[in-house]
Amino acid sequence: MVLIRVLANLLVLQLSYAQKSSELVVGGHPCNIYEHHFLAFMYNSSGFMCSGTLINQQWVLSAAHCDMENMHIYLGLHSFKLPNKDQKKRVAKEKFFCLSSKSYTKWDKDIMLIKLNKPVTYSTHIASLSLPSNPPRVGSVCRIMGWGSITSPKKILPFVPHCANINIVPYTVCRVIYRPLPEQSRTLCAGVSGRRIGSCLGDSGGPLICNGQIQGIVSWGSDPCVNRGAPSIYTKVFDYTDWIHSIIAGNTAATCPS
């Protein structure tokens with residue numbers, strides 16, 4: 001019941017956030033209850049919400065711009081109306097960013113690693129997602145998911161996460177649409193050409209999954225969401241795997257790739 005009351009507050013407060021605050025799955029469909037066991041729902045009492053990805057029993061990967069005070073993290077959650085018996089609530093014990101100042105740009109270092117206050121036990125609805133062994137190829141079919149708005153510019157938040165398939169597209173496509181993106185960045189460009197399918201308000205920090213691995217983190221996109229079929233920008237997880245492994249191993253002074 002507490003979570004349902006929280007959602008009611010989120011529905012009122014979250015809709016007032018600007019597009020830059022957080023990203024949604026537009027043009028998708030309700031996820032199967034068994035396909036998102038690694039998906040984390042993150043929120044606070046102020047109405048800010050994001051997603052994250054469980055990468056082992058005590059660590060969640062998300063976007064740096066999803067950092068918030070008094071962060072609550074739900075794992076094993078599917079429906080706000082019908083909670084799973086094995087869903088768990090955690091808080092952040094520690095947060096790690098690529099820069100000590102927590103600064104990032106739209107095209108670089110939008111990544112946050114969260115250590116939970118205590119590990120979760122894997123169950124029917126809770127399990128981790130693998131980090132990438134190789135970067136994704138252009139043309140790869142990937143999966144996005146989250147509790148973000150399912151329409152734009154009008155914001156409608158669902159009671160269950162929505163999923164959609166999108167493609168990795170050439171980075172040059174995003175450079176043309178989103179000027180002045182640099183010639184190179186540690187991001188991925190992904191969407192569906194000519195169709196309004198993609199991430200939006202409330203999905204920020206969630207995973208871009210290719211071949212069963214987390215290849216991207218929802219970072220930002222157009223306003224309205226997926227405007228005229230525009231692709232969105234995702235943090236390229238493969239470029240940060242060494243940093244992630246180092247932090248988890250206890251080397252908290254590890255530096256991110258330049």
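The first residue you see is number 1, and the count goes up from there.
Keep in mind that glycine also has a Cβ here, set from the backbone N, Cα and C atoms.
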Cysteine paired with Cys142, where Swiss-Prot records a disulfide bond, from Cys98, Cys189, Cys200, Cys210: Cys210
Selected from Cys163, Cys189: Swiss-Prot disulphide partner of Cys174: Cys189
Candidates Cys66, Cys98, Cys163, Cys200 - disulfide partner of Cys256 as recorded in Swiss-Prot: Cys98
Disulphide bridge to Cys163 as given by Swiss-Prot, partner from Cys31, Cys50: Cys31
Nearest-integer angstrom distance between the alpha carbons (Cα) of Cys256 (disulfide bond) and Cys50 (disulfide bond): 23
Densest Cβ neighbourhood among Cys66, Cys142, Cys174, Cys210 (disulfide-bonded residues), 10 Å radius: Cys66
Other CB atoms within 10 A, centred on Cys256 (disulfide bond): 19
Other C-beta atoms that fall within 10 angstroms of the C-beta of Cys225 (disulfide bond): 27
Which of Asn44, Ser204, the listed recorded positions, has fewest other Cβ atoms within 10 Å: Asn44
Spatial neighbours of Cys98 (disulfide bond), counting only the active-site residues His65, Asp110, Ser204 and Cα distances within 10 Å: Asp110
